[in-house]
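S.K.: Grabbed the feature section from TrEMBL, which reads as follows:
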- 29-48: transmembrane segment (TRANSMEM)
- 55-76: transmembrane segment (TRANSMEM)
- 91-113: transmembrane segment (TRANSMEM)
- 249-271: transmembrane segment (TRANSMEM)
- 277-296: transmembrane segment (TRANSMEM)
- 308-325: transmembrane segment (TRANSMEM)
Amino acid sequence: MRAIQGALIVASSIQIILGYSQVWGLFSRFFSPLGMAPVVGLVGLGLFERGFPALGNCVEIGIPTLLLVIGLSQYLKHVRPFRDVPIFERFPVLFCVTIIWIYSLILTAGGAYRDKPVRTQISCRTDRENLISTAPWFKFPYPLQWGPPTFSAGHSFAMMSAVLVSMVEIWEYVGFLTIAYMLQSTAAYKAASRLAIATPPPAYVLSRGIGWQGIGILLDGLFGTGTGSTVSVENVGLLGLTRVGSRRVVQISAAFMIFFSTLGKFGAVFASIPFPIYAALYCVLFGLVASVGLSFLQFTNMNSMRNLIITGLSLFLGISVPRFFNEYWNPSHHGLVHTNAGWVSNILTNSSTLVKVLKT
């Protein structure tokens with residue numbers, strides 16, 4: 001953890017410098033609709049492994065969640081028990097998670113998974129590992145709680161390569177630590193502005209967002225979270241699903257999260273939600289982000305063979321190339337570049353930096 005803290009602190013400098021120096025804004029002129037369509041599309045499609053494959057680990061919970069969220073948001077959105085508030089359109093995720101969570105609690109309490117395999121119990125049970133009973137009532141985070149951070153070239157350069165990729169789009173593994181990030185920024189900004197029916201963010205806004213993201217990663221390193229801060233793809237999809245694009249909502253939500261983060265029991269309750277419930281939501285939210293990316297194609301001439309080739313090749317390689325690297329890693333336990341300097345190998349292969357360059 002101390003090494004991760006140091007790597008995050010060093011890596012945050014890239015985003016802070018590129019953001020507040022307005023350098024990143026200079027690149028925004030290259031973000032044409034033809035270029036953003038596959039990038040934003042792959043932000044959603046690239047996370048397909050967190051969708052139905054995870055949902056399938058507990059279909060008796062995942063399938064009802066998927067059907068319920070679609071039914072509430074699409075078929076009952078015009079039903080208004082309260083005349084001025086379209087509750088089913090605004091709160092489909094809240095209703096869906098609450099109902100299916102109670103349903104999963106009943107299944108767990110009734111012993112439905114008592115004799116099931118371990119993998120099924122991990123995915124379906126709500127009382128796994130005694131999360132609620134072992135969590136403290138109050139937990140106050142403080143800087144350097146794991147001790148003074150340590151700095152090494154291997155961890156720092158691997159994390160820096162991750163940060164560079166995060167300013168373009170999607171997610172990856174950081175060095176040999178294999179800490180899964182959902183790292184995306186610019187593409188998510190574009191998708192969010194489109195879903196909110198707002199004007200595309202100008203260059204200085206993109207730069208400011210990258211800079212604040214760097215400050216967030218710096219705070220993550222100081223407080224020892226173990227992961228960096230980034231744009232949430234599922235929240236971008238939620239914006240489009242609920243039609244709530246107010247910054248005030250985000251600010252109030254952030255205040256609630258900061259307050260409730262000090263209540264250990266409260267966080268443990270949410271951690272007890274079976275992951276297939278999230279996976280079902282991902283199927284809808286990530287799919288919505290992918291469709292927003294494809295909608296950028298309406299601003300291009302799709303009768304041009306050049307544009308068709310660029311779009312199709314980018315989407316295909318964006319999914320196919322990472323698959324090749326994953327299949328190569330599994331049997332050999334190292335990437336295509338295997339040097340004595342582990343941090344060099346991590347940057348060029350395991351961190352997927354080369355993959356992102358190839359597909360963008």
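Start at 1 and count along the chain as shown; that gives each residue its number.
Using N, Cα and C of the backbone, Cβ positions are placed for all residues, glycine too.
Those TrEMBL annotations? Automatic predictions, nothing curated.
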S.K.: Mind checking which residues reach the transmembrane segment (55-76)? Cβ under 8 Å, same chain, six or more beyond either end.
M.R.: 88-89, 92-93, 95-97, 99-100, 103-104, 107, 119-120, 123-124, 241-242, 274-277, 279-281, 283-284
S.K.: Quick test of the contact rule: Cβ under 8 Å, at least six residues beyond the ends. What residues does that give for the transmembrane segment (91-113)?
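M.R.: Distant Cβ neighbours of the transmembrane segment (91-113) are 60-61, 64-65, 68-69, 72-73, 77, 120-121, 124-127, 238, 241-242, 273-274, 277, 281.
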S.K.: Verify whether three or more Cβ pairs under 8 angstroms connect the transmembrane segment (29-48) with the transmembrane segment (308-325), leaving out any pair fewer than 6 apart in sequence.
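M.R.: Taking Cβ pairs at least 6 residues apart, the transmembrane segment (29-48) and the transmembrane segment (308-325) are in contact, with 3 or more under 8 Å.
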